[in-house]
Structures are given as C-alpha cells and as structure tokens.
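Engineer: Handing you this structure, nothing more for now.
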Amino acid sequence: MPSQDYKDTLNLADTPFAMRANLAKREPDWLAAWEADDVYGKIRQARAGATKYILHDGPPYANGQIHLGHAVNKVLKDIIVKSKTLSGFDAPYVPGWDCHGLPIEQKVEAKHGKVGQKVSATEFRGLCREYARTQIELQKADFKRLGVFGDWDNPYLTMNFHQEANIVRALAKIYDNGHVTRGMKPVNWCLDCSSALAEAEVEYQDKVSDAIYVSFDIVDSGKVAALAEIDGNIAAVIWTTTPWTLPANQAIALHSEHNYSVVATENGNLLLATDLVESALSEFKLENKGVLATVLGRELEGLHAQHPLIEARQVPLILGDHVTTDSGTGLVHTAPGHGLDDYIVGLKYNLPVENPVSGTGVYLESAAVFAGEHIYKANPQIIAALHENGHLIRHTKIEHSYPHCWRHKSPIIFRATPQWFISMETKGLRERALADIPTVQWTPAWGQNRIESMMTGRPDWCISRQRTWGVPITFFTHKETGELHPNTLELMETAAQRIHEGGVEAWFDASCEDFLGAEAADYDKATDTLDVWFDSGTTHFAVLDQRDELTNPADMYLEGSDQHRGWFQTSLLTSEAMYERPPFKQVLTHGFVVDENGRKMSKSLGNIITPQEEINKTGADMLRLWIASSDYRYEMSAGKTVFKGSIDMYRRIRNTLRFLLANTDDFDPATNSVDINELVSLDKFIIERAQTVQAQIISAYDAMDFHQVTQHITAFCSQDLGSFYLDIIKDRQYTTQTDGQPRRSAQTAIYHIVQALIRWITPILSFTAQEAWEVLHGADSYVFTEEWYTFPEFELSAISNDDWQRIMLAKDMVNKHIETARGEKIINANLSADVNLYADGAMHESLAKLGEELRFVLITSNATLKPLSTVPAHSASTDEQTDSNSTGVVDLVVEVHAATGTKCVRCWHIRDDIGTDSTHPELCARCATNVSGDGEVRHYA
C-alpha cells in the first residue's frame, strides 16, 4: 500500500453519456421532445435560402403495418436527406401515401359489403377514405419511430381533394398533348378483381395448364400449287395452353420466311413447321409416313381453315413476325381479343377483336359456343368436344411460368375491353423516354439497362380501371360516335375545380346534366377510374409542382428494385408525356430483405422479422445501423447473426464517443484550447487523420455508399483511435496536470474529433448523435441543423505523416513482441516492459524524432533506440516489414525484457528515478512534478 493516496491528483474522466444506450426505452422520449420543439421546422429555418436538394418520396400504399422493406426504404431516404443537410443543402422531405385502389376496396368490402348491396357508392368511397386515414396514421407512427424526419403534419396524400384535382389536370395535359387513345384491346385482366391490371400489378408464377394440339382443316389448299396434288385433307396444327380462348380464334399465324411441310401420318396430312416436324410427331406419337410438300410460309398466306368448334367460321392463314420455331408447331392460334401479339397482327389483317368473355370469366350470351359457362369450367368441355370431333391431336399437362394478379395470386387472362390508354407510339412517347433515360444517373448503374429493356418492350399503358375508389377519368363520349366531347379540356378543368372542393365524389355524384346541360342526352359520362399507378406516377406534377418548398424535377427518386416496372416507369412516362423530360435527376434502387439463408420472408416460412419488434428490443438506431451497413444494392440479409454484427459495431462507436466525451468533460474550448500550431505532434497527426477520414466519409455519403460510411467510421474508431491514439494519450490525460499543456493539447484534439464524429454518425445514428451533441452543447442545440465540421488549418511540422506511418509500423511490431513476452511470462503488462529498438535509415530517423517520448507511444516503461548495427548476436532475427510509404523493406529488430527499477504508485511506470523528489518518495520524477511542480511538457506524444 502506498503511504499516500494520489487518486485525487489524477484526472479521472467522467461523462453523463452512459455506457449502456438503453435506446428502446429512451428514443420515444427524444422523439416527443423533438416534435414538441419542432426540430424539422428548425432545420428548415437553418437552411432557408440554401440550394435545394429534393428527394421525392415514392408513396407507400395506405394499407397494413410497415414491414422491414418499408423501414429500409424510409431509413435510406432519411440518411440521404440528413447527409445533404449536413452538406449545406436545404433538403425538405415531404412523405406521401398512395390512397386509392383495390386493396382498400377489398378491406372495406370485407367489413361493409359490396357497393350496391349494403352500401351506396358514395358511402363506400367515404368508408375507403376513412380506412385509408387510419392506415396512414398507423404507418406514420412507425415511420416517425424510426427517427425519420419529415413534414409529417403535411404529407401528400393521393386522396387529398386538391391532389385528386391535380391528378385530373395531369390527365388533361397528357390528353392535350395527344397521348391518350381509346380502343378495344387485350389487357391484363384479373377475374377476381373484375378489372384491368397494370403491368406492375402482374407477377409470374409457375402454373400447371392443359396443353393441346388442335387441327384446323384447310378448306382451299388447292389454291397453292405445291399442295394442289396432295390427296386427302390437309390440317394446320396449332398448340395452345389456353383452350378456353379457341372460341375467339380468328386466324392461324405463320412466319413468312419459315418452311412448312405437309406430312402424311396415320392421323391424316398435317401442316407443321419443317424444323418442328420430328419433335411434333414424337410428341403426337405419330409416324412420319412421308413429307408430301414443303413451302414457305408466305405461300400459304390467304388460305382458310375451318374452325374446329364453330361451323359457321372459317379463319385465314396470316403472317406474323412473332411466330417462332422454338417449340410447338410453328403455327400460332390467333385470338386478337385475348393476346397482344394476336391483336397487333390482327390490325394488319383487319381481324375482328372478339371478346366473348365477361369480366368475371363467363362466356357472354353472344358467344358462339359455351354461352353462360365459366371459362375454366369450359376448358375440359372444349377438350372433350375436340376429341369427339377428331380435331384433338394431343392433350398433355405442362408446368410453365404464367402471369398472376399480384394481389390475389390467381392466374390472369388477356381480355379485350374498351379501355383508355397512354399510347407509346402515337406521339413518340417510347422513343422520347428511351432518349432521356441515359440523361438520368442510375444507381446502381445496371438500373439503366433494366428500365431501357422494359421501356423497349412495354405495351401501351392501359390507364382505365373499372373500380369504385379512385380518381375518375373525367371524359364524356358521344353515344353514337364514341368521340370525346369537343370541349373536353374545359370540362376536365371544371371537373378538377369541383373535385378540388369536394373530392372525387364531386364527379361521381354529379349527373351528365350537371356538366353538359342540354347536351347531356347525347353523351355518356365516364365511370372508369384511373390506374393507381397514374396517381403516384403524376406526383411530380401534383406534388412537386404544387408545393413551394419542392422543385421539379426532383434530385432523387429512391425505391426498391421492383419499381423499375412500377413507379420509376410510370413517373417517367407521365413526365415525358407532360413536359418531354424525366421527373428525376437520379434514381437509386435497393434490394429486398431476405433472411440469413437468403430466403424471401413469408408467413409460411415463419421467418418474418418486423421492424417494430427489433426496435422494441434494441432501438431504432440499431436498425438504422444495420440498414446503413448493408450493401443495399443487393439483397439485404436480416437475422440474429447479422443484427449482432450491428450491435457490436454500435458498441464500438458508442464506447469511442463515451471516451471522447468523458475526456473533454472539464474542457471549455473558449478558454482551454491550445493553439493549433502549438499542439503536441501526435495530436496534430490525429486531427489530420480525422480530416482525411471525414473527406472519405463525405465522399461516401455523396456516392450513397452508406456501408462504406460505416466502415470508415468504425475503422477510425477502432484502429486510428482505439488501437492507437486513445491508448497512447490515456497516460497524458490521467497523469499530467489538469490545466497543463500536455492534457489540454490532447483535449483540444479530442474536441475537434468528437465534433466531427458526432456529425459523421448523425444521418445514421440520429438518436445517439443528438444524445452526444447535448453533452457538448446542451439540450437546446441540435446537431441536425449543423454542417460538416470545419477543422482548423495547420501543417504537420516536426513529425511528418510518413514519420507517423513508420512509427505505427514499429508500434505494431513492439505490440507483437510484448504479447510473445507475456506469453512466456517475461512480463505481465506493457508497463512492466523495457524495449530496445534497433533500426536504420528512415525508420531510425522517424523513431528518433520522438526522443524521450518514444516510450509513451509504445506504452512501455522505457524505450531505447539504437542503430541496427549494434543489435546483439543473441537477439531475435530481423523482422521484415514493408514500409507503406516507400518501395523498400525496413529492417527493424525489437527486443523486449522486463523493466528494471521501481513501480511508480501513481502512473505505474517502472522507473529508476523513483523517490528523487523527497516530498514524494514513491513517485517517479515525472509524477512528482505533475503533482507539486511545474508539470511535465510534451512535444511529440
């Protein structure tokens, strides 16, 4: 036991910044305080007049609680907005919601019944509005709990009256620019929805279907010389997986340049693509009894075949470029009312666009066969009828990828109905969009190829829906001609004004007479609603153009990778149709969340992780850190192991912050700062290192490489600070005089670093950043209004950056030798070691600059530097280490042995100068002067 207690002479660090974050419990209180103090408003005030940066929120659908994918999306947006704010931009964030459409209708129907049965259409729309509002409030609470800042009190809602009105105005502008067309055209149709579907509402799943080969007897083969001499009937064979579409067949398509052969079989003479004869006959289990003729497809154009189910119908053989010989027979069953390729080729030949199927899948009374029967029940009846009349060549089952409704997960059909379209070709919309896609920055870069391929192949956009809850297509069509009213634009503006005052109900509840007066008898008022993708796709006009704090085009659209076929595409098309330019400067996409085995999360697998449960366990900051540290460009893995990695990363950052804050607890930068040029060399070096890291972090934020941001931060905390700088300065912080130059120099450096570090983590660890900020600046100050830290200007002088790189290299080698010596029981701690370093050249020069302070860098009681030539013969062999600042190899020998002397009871260094000050017989000379003298001075470490 020391005779005197020196504890009170040490600078023991303390801070209110707790070791345990307790985020899950404390974050709600912070949120409540921030909301009460209008932090978002303070940020707007702080950036008033600055250059704008607009991230436009893609609206989530107002239905159900948020899932982990929602959390990823909103947090990524928040990181960008907060980082741009730190970069000096005025970056307002206006969240939005998509409020119309079928899922909400279904929820209301389940509770209140269908329109016309238990509720009127007007009542139904009111119930839909109310349901959407309740869902928005639930989701809003979850988004705010994530620490996402935004104008939550004034979000945009596609069901706001003024926004519904502006959606109508957007349609009017697109109509005025000549992009809206009407026609009987096959569209994606869900029998469960009883409505058309947008491309984005269709997903592909495997399905088992009936596959049949059917023969059509050619009735006028004699018109082709090569076929005229063939004895017996010739039958063209088609293949289809949708037998129910055969009643709508209007033609058989062939390719003009493919060869077709008439093959004799025990089932008669069959016409097949020459390249498919063998595979087809093998499938039919028929023998090739000889090829009777071979002709080019174009020679068969204009022949007719008897429909196998409808006696009164003969169908032509036509030519189409869509016909291939990859499989089947090379002859394609063509029903323009049930397929887009069929429809397109049908236009060329003026084929009827017959649709004998109702919206619920029942054959209409006008159908030539099977009237009143549901198409799926008719399938086996059609197959049986073909078998009975001898036209069924083969019937099998196949599993194939088939389009399904994304809501009902049920197979869709293609069905021609009168619909409104935005044409891709009439005014060159496709061409214009493709020309502008390369002008946008796509992140990741492959997003450009993806949307280009989708834009190249997409059909006209069917914008009409047969729903109750949606924005109306405010058209009036003439009862006889089908033409739109000549004053359509004026009528649409009138409708928009009324909707602005009373919502979409102002259209639906009004009569034709309310708009047209005496003309009403000649016109039909449209009852269709707009595709909800039109609602969200026109927010560049209905939101960005209408709010003073926003700008159009936006700087950034950010959504999941599925939105190349959804919101990105519909926004691009509507903007091109309205303004002839994209609505965004940059588009960023993120991957989906999967479990740790790479599986999609689903109830059936029992692997769903909700953001709510994770936040309740560890807090929103931990979830935000997982999101930021994941490479969002790919699938994002979530689970216990992955989350543990984020927890460990968080602890490293928090512990570093705690050390920095504790060691500046008594530091007043106004009175205690050391002039930047008078700092200890090590302190200058770590500030310069922090400047370098800050530049890397800001660059990574600007590039949206948030996982790189987290790596830079954690590497700086663990390597530059934890393993090097903070370890070295502990002695200086604790043992030198409280107000002495060595300690205040370190505190000055720490102050600059913690100011920067808090800002670095603010976009990601928002709660923790503000908690740390308040320790420095009080509860009335917010880091969210700050900009990136500006470090003081200075130059390294006595010891250069290259010197420090070599010194760190030597320190690493010393640490390895000390660990070996500890393992061999030569020493039991760093301070029980003396080290000799034998070096030459640049390494010797760099180490020599530290002089007597070398031991403080190495954290040993003594350190002696000697020329390499003096290394004892018994010493360890030379260690070779590559000098990172040169191309050569550095020779350095490290020798570790037990320190000789007496242990100082205050600093624990083992020295031979213990008791040289008689007033303090148990202290080393350094501690004695720090306790009762002038205090030590440090120059280098």
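In case you wondered, yes, glycine gets a Cβ from its N, Cα and C as well.
Pulled these from Swiss-Prot:
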BINDING   E559  L-isoleucyl-5'-AMP binding site
BINDING   K603  ATP binding site
BINDING   C904, C907, C924, C927  Zn(2+) binding site
MOTIF     60-70  motif ''HIGH' region'
MOTIF     600-604  motif ''KMSKS' region'
Engineer: With a radius of 8 angstroms around the mean position of the C-beta atoms of C904, C907, C924, C927, what other residues of the same chain does the Zn(2+) site pick up?
Structural biologist: T735, V905, R906, W908, H909, R911, I914, L923, A925, R926, A928
Engineer: Using DSSP, would you call E559 (L-isoleucyl-5'-AMP binding site) helix, strand or coil?
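Structural biologist: E559 (L-isoleucyl-5'-AMP binding site) sits in a strand per DSSP.
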Engineer: In sequence order, which same-chain residues at least six apart have a C-beta under 8 angstroms from K603 (ATP binding site)?
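Structural biologist: The list for K603 (ATP binding site) is empty, so the answer is none.
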Engineer: Check the DSSP secondary structure of C904 (Zn(2+) binding site), expressed as helix, strand or coil.
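Structural biologist: In the DSSP reduction, C904 (Zn(2+) binding site) maps to coil.
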Engineer: For E559 (L-isoleucyl-5'-AMP binding site), identify the closest of the binding-site residues C904, C907, C924, judging by Cα separation.
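Structural biologist: Nearest candidate: C907.
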Engineer: Counting only residues 6+ away in sequence within the same chain, which have a CB under 8 Å from the CB of C924 (Zn(2+) binding site)?
Structural biologist: C904, R906, C907, H909, R911, D913, I914
Engineer: Out of these binding-site residues, C904, C907, C927, which one has the fewest other C-beta atoms within 10 Å of its own C-beta?
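Structural biologist: Relative to the other binding-site residues in C904, C907, C927, C907 has the fewest Cβ atoms within 10 Å.
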Engineer: Let's see if you can do this one: DSSP helix, strand and coil counts over the motif ''KMSKS' region' (600-604), in that order.
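Structural biologist: Its residues divide into 0 helix, 1 strand, 4 coil.
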Engineer: What is the pLDDT of the motif ''KMSKS' region' (600-604) when averaged and given as a whole number?
Structural biologist: 81
